[in-house]
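Working notes, beginning with the structure itself.
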Amino acid sequence: MPPPPPLPMLPLLLLLCPRLARADPLACEYREHRAALASPAADPAVISPQDPTLLIGSSLVATCTVSPDFPLKAEDLYWTLNGRRLPAASYAALGPSTLSVALARLNGSRQQSGDNLVCHSRDGGILAGSCLYVGLPPEKPVNITCWSKNMKDLTCKWAPGTEGETFLHTNYTLKYKLRWYGRDNTCQEYHTAGPYSCRIPKDLALFTPYEIWVEASNRLGVAVSDVVMLDILNVVTTDPPSDVHVSRVGDLEDQLSVRWSSPPALKDFLFQAKYQIQYRVEDSSEWKVVDDVGNQTSCRLAGLRPGTVYFVQVRCNPFGIYGSKKAGIWSDWSNPTAASTPRSERGAGGCDPKGGEQNTTLRRELKQFFGWVKKHAYGCSNLGIKLYDQWRVWLQKSHKTRNQVLPGDKL
């Protein structure tokens, strides 16, 4: 009687899919190696069901049946899940060459590519494998936000449902159409602004609102977001203002002048803009924001610390494009521009007590009054700024004159 045939498929399996030899739990490879084989019937064994998709909490009974061409019995087999051997108490011999395993209350898959359920021979050889996909149906995507960069494209972002990817790989498809007519269109350029985003690069209509929604699908179903309606003109953003310059205001030690140019990409369109400024001192990470800049392209920062380096940034919000009544979306901040305020000369040199006494009352009254002006001239407001400037110049000159000791003077 001739000896039983060897197991020629095992070396072939390991050659085609070397990761199977390690029972690697990080990816399910069995669909790939089965596709590489000439015929699934040539496998040493077959697992049923093959690559099932199950809800979390489900139970499964899987069977491994050895091909009649191979001299293996049910007692020669064992199971692993993600590289860990399953207890023999969960096995049952259903025939001379068929061994089952019972899995109860399954948890979500450890990886979206599926969990490895493997049938082995007694010596550890791999006979067959199956990918288990355990998870939940997708949840409705939420928080759809869109913006148009200089009216040349449209980019949208969204968030998955509260359960995220729900343990299974989820495909997201952004769709859009003109509100009153037209067919559904599908966005093609995904992940342009993060993992849940898509960009529509061209062929956008103005003056007509769009309907936009996102479909999420996985092996257990489909979920559709709420529909968002928007007009391209209402979601325009642009580049940060260019040519930002920060400079001193003469010898005034508590002020800096900021100037910038409108975004060049929007100069050919009918629009207005409002600007914001933020600034901070060199040794701080806390920014102060000036909101009242309006549509001017210059600003006087007041109430600063003398002899201090400041970093300044500007951003733009276009509105009124082609008559739109809604504001656009703030641009990114410009790159930081640095400048320093002059050092204060107060307290330098000596001080004449008599001269100070003569002007004490007047200086106190001026300080109180212009303190009020300074408070109301904070930021970029022009209220009282000329009076404040004149007072600061006069005060600095008076200090310089009083602190100067002429030849022949006695202290």
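Cβ coordinates come from backbone N, Cα and C, glycine included.
The compositional bias 'Polar residues' annotation in TrEMBL covers 333-342. Residues in the compositional bias 'Polar residues' (333-342) partition by DSSP class (helix H, G, I; strand E, B; coil) as 0 helix, 4 strand, 6 coil.
The domain 'Ig-like' annotation in TrEMBL covers 44-119.
Positions annotated as domain 'Fibronectin type-III' by TrEMBL: 140-235 (among others). Using DSSP to sort the residues of the domain 'Fibronectin type-III' (140-235) gives these counts of helix, strand and coil: 3 helix, 46 strand, 47 coil.
The feature domain 'Fibronectin type-III' is assigned by TrEMBL to 240-344 (among others).
Positions annotated as region 'Disordered' by TrEMBL: 333-358.
Among the features that TrEMBL reports, signal peptide is placed at 1-23.
Sorting the domain 'Fibronectin type-III' (240-344) by DSSP state (H, G, I as helix; E, B as strand; all else coil) yields 6 helix, 51 strand, 48 coil. Counted with DSSP, the domain 'Ig-like' (44-119) comes out as 6 helix, 37 strand, 33 coil.
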